[in-house]
Amino acid sequence: MASASPVATMSGRGARNLLQFLRLVGQLKRVPRTGWVYRNVQKPESVSDHMYRMAVMALVTKDEHLNKDRCVRLALVHDMAECIVGDIAPADNVPREEKHRREEEAMKQLTQLLPEDLQKELYELWEEYETQSSAEAKFVKQLDQCEMILQASEYEDLENKPGRLQDFYDSTAGKFSHPEIVQLVSELEAERNANIAGAASEPCS
């Protein structure tokens with residue numbers, strides 16, 4: 001019987017760098033999603049919360065034409081730079097080119113802490129998402145928007161204020177094309193519209 005391949009080990013410096021990388025990525029658990037902060041949502045989700053559910057959404061896709069593993073990886077990496085630059089929202093009025101420049105620098109800084117093969121893998125995943133250069137990147141971009149309006153709906157439910165976060169829905173109008181996501185969004189909007197209509201029909205106290 002052939003013996004198992006030995007597990008690769010790292011140098012002390014490599015371990016220290018990996019620990020620093022993990023601590024930086026851990027900051028994502030403490031970076032709130034800026035859009036919710038600006039709308040005075042109580043206890044807003046973190047960037048990490050958002051990316052986790054996106055990764056789960058990618059994991060459960062039924063589209064066999066997509067590389068599911070790559071979709072999950074893209075979801076986990078796409079906002080990783082925000083552990084350094086923060087969540088730059090449209091309301092911040094930072095030009096797209098400047099936002100990209102900051103995030104590109106952050107990704108280079110972050111991935112330099114990893115072995116060369118992982119540096120390349122993570123940076124290229126981020127770049128693929130940024131440039132929307134694959135079917136998987138386009139799908140994950142739509143997951144990003146879908147997860148956002150799902151979260152908006154949940155905040156409206158938690159606050160018992162149906163329709164309060166309509167601007168998040170407006171910002172995604174016409175942006176969904178993948179059949180699976182279109183169906184999911186349609187169901188979400190039907191439920192939300194029913195909640196709004198129900199609230200409107202309730203007598204004022």
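Glycine is no exception: its Cβ is also placed from the backbone N, Cα and C atoms.
The divalent metal cation 1 binding site feature in Swiss-Prot is assigned to His50, His78, Asp79, Asp144. The feature divalent metal cation 2 binding site is assigned by Swiss-Prot to Glu82, Asp87, Ile88. Annotated domain 'HD' per Swiss-Prot: 47-149, in sequence order, evidence recorded as sequence analysis. The N-acetylalanine annotation in Swiss-Prot covers Ala2 and rests on similarity to another entry. What Swiss-Prot lists as phosphoserine is Ser3, Ser5, Ser205.
Projection of Swiss-Prot feature records onto the structure.
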residue : record                               : Cβ contacts under 8 Å, 6 or more apart
His50   : divalent metal cation 1 binding site : Arg33, Asp79, Glu147, Met148, Gln151
His78   : divalent metal cation 1 binding site : Met51, Met54, Leu125, Trp126, Tyr129, Val140, Asp144
Glu82   : divalent metal cation 2 binding site : Leu28, Val31, Val47, Ile88, Glu103, Ala106
Asp87   : divalent metal cation 2 binding site : Val31, Pro32, Arg33, Thr34, Gly35, Val47, Asp79
From the DSSP assignment alone, can you count helix, strand and coil residues within the domain 'HD' (47-149)?
77 helix, 0 strand, 26 coil
When pLDDT is averaged across the domain 'HD' (47-149), the result is 97
